[in-house]
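S.K.: Below you will find the structure I want to go over with you.
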Amino acid sequence: MVQSEHSPLLTPVDRDAMQDPSTDLPGFVANQIEQQDHLLDIEQGRAYGSTTKSSISSENEREDAGGATVAGCGSAEFYLPSSRILIIMFSMFLGIFLAALDGTIVSTLLTHIGSEFNSLDKASWIATSYLLSSSTCQPLYGKLSDRLGRKPLLVFSNAVFAIGCLICGLSNSIWAVVAGRFISGIGGCGLTSLATMIMSDLVPLRDRAVYQGLCNFVFGLGTASGGLVGAYFRDWRLAFILQCPISVLSGILIVVYLELPPRASASNKDCWSARLRRLDWAGATSLIAFLFLFMLTSSMGGSSVAYGSRLFAAMCAATLVFGAVFVYVELRVAADPVLPVTFLRDRSVLGSSLANWFCMMSMMTTNFYLPVYWSSVLGMKATDVGKRAMPSFFSVAFGSLGAGLYMKRTGKYYYFLLAFCVLAIAGQVQIVLITPQMPVWRQYLLQVVPGFGVSVLITVTLLAMIAAVPHEHHAATTSISYAFRSTGATLGVSVGAAVFRSSLTSLLDAKVMRFASDGHSERELRGIIASAARSSDWVHRSAPPFVRATLLECYHFASRATFKFCLTTMVLAGVSCSIIKEHKLHTSIKRGS
């Protein structure tokens, strides 16, 4: 006898109906029924009935044809053909490429923009504003996308990024450009972080390693292309405006082609106002305030604001207060934390987060001060400095892709990760041992070895983090990763700058003042020290011949002191990686928590 589709015998057990009214807990018989119901869930996936041959053959046909079958809600299966997945990935890669391109294209345009508005002293705010907004907003996208949906937020990110670029292109003042960059940062950070989260929804962890490698490859390509594209455009406005149609194209492709599996969360049935009410507003507000003050304090400390000033002390105190408020809210108050800091109790999440933090300190500081070494000690022009940076971008890109392919093939990553941590440390040692007499071919390859190590570390630690938590928390865990990366990068450059300045000042005082015994007045030597500390160009063009070699030697050893800081943080990144626990990289989206 064939049961009706609506037969009560085939209806899942209502857990609320099994409650004992006296205790509001399940009774003995109810417990037995619930256990039987749970066993049926496991064996049949809520498909009350036998699996037909047609359904099995249909599944096999889908796998043979290519594509992805993802578990949806209940018994529904969500299927996307491989061609559609490729279009989705292409649209997200466009956004990632733009975000990376935009980050480096500005570095070549700062002087032109500042000169046009006669505000060269304020040009650094063009880069700082983007860093502030992107670093502050990036950790919020995880929980927001869980509540509001990945697709709407990715479309929003493309739109905001395009609007920011358009404002920059049409600006009539330096502060309008700064405002446009701030807006672009809000969208740009979403382009990268949301793409990572969407991959977790569409692709199994084992395959996701390859896609993450491709993401980093595209990001590296965009980073490497930024300087060349910026140099190509004589009109800096055009460099911003031409990014708008590409961002719009990415948004249109997302609207048309992106489809994600339905989630079991009941919040998807609620209206937007209900979803917004359930957001952790206290946590989000305190996190924004903490990150904004942290980035601002790190960026301005020692340059715009003196370290010993009351203003700097007040900024540090405010940062600590908002940080403490955020941690308290997330641990004690929030029902659904915007950034689940409790996950840091897991050694894989903690180790990966610290590894990202220390690694970004090392990498960003090296990327900033190695060009300083080339230009200040060896007197290279900007084009020669850029050429020496190019190989590292491609080593980062190919290292990420290679790591993804390795994890897809083996499903392992722990010892692979440790091996490349050693490689990154060895590469950083080579940078510490840099000399002005280094052969040109070694100058080009100097960042290649640490680039491979860093790219593998960044790729593997992200996979290790999301493999350690249930699938429904992947987006929030990804946000933790990006929060540690952004704060590590900013703090690293700030500490590196402090090390460089203090080392240079002490070296100049110690070495230049020795010439007082040769008949040079103290006033003359103090003037030389002040000029040399302000500008390396002055050292090459205007410094007295008798002291020029000494000044270059001071820049050499000050740079090496900064590189030693980079080596220390890279070693700490390797130590952090050692506490990670290896988890299984599943080959299917449909898996247990």
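Yeah, the Cβs are placed from backbone N, Cα and C, and that goes for glycine too.
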S.K.: For the transmembrane segment entry in TrEMBL, name the matching range from 119-139, 182-202, 539-559.
M.R.: 182-202
S.K.: Within the same chain, where does the transmembrane segment (389-406) have neighbours whose Cβ lies under 8 angstroms from its own Cβ atoms, ignoring anything closer than 6 residues to its ends? I mean 6 or more beyond.
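M.R.: Hits for the transmembrane segment (389-406): 209-221, 223-224, 227, 367, 370-371, 413, 416, 420, 444-445, 447-456, 458-460.
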S.K.: Which whole number is the mean pLDDT over the domain 'Major facilitator superfamily (MFS) profile' (88-585)?
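M.R.: Mean model confidence (pLDDT) across the domain 'Major facilitator superfamily (MFS) profile' (88-585) is 86.
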S.K.: The transmembrane segment (311-329) vs the transmembrane segment (445-470): three or more C-beta pairs under 8 Å (separation of 6 or more)?
M.R.: no
S.K.: Cβ pairs under 8 Å with the transmembrane segment (85-111): which stretch of 182-202, 239-258, 279-299, 445-470 has the most?
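M.R.: Answer, by Cβ pair count: 239-258.
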S.K.: At a C-beta cut-off of under 8 Å, are there same-chain residues at least 6 beyond the transmembrane segment (182-202) that contact it? List them, or none.
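M.R.: Non-local partners: 68, 70, 80, 85, 88, 92-93, 95-96, 98-99, 102-103, 129-135, 137-138, 141-142, 145, 150, 153-154, 156-165, 167-168, 208, 211-212, 215, 219, 247, 250, 258, 260-261, 462, 466, 471, 474-475, 478-479, 482, 589.
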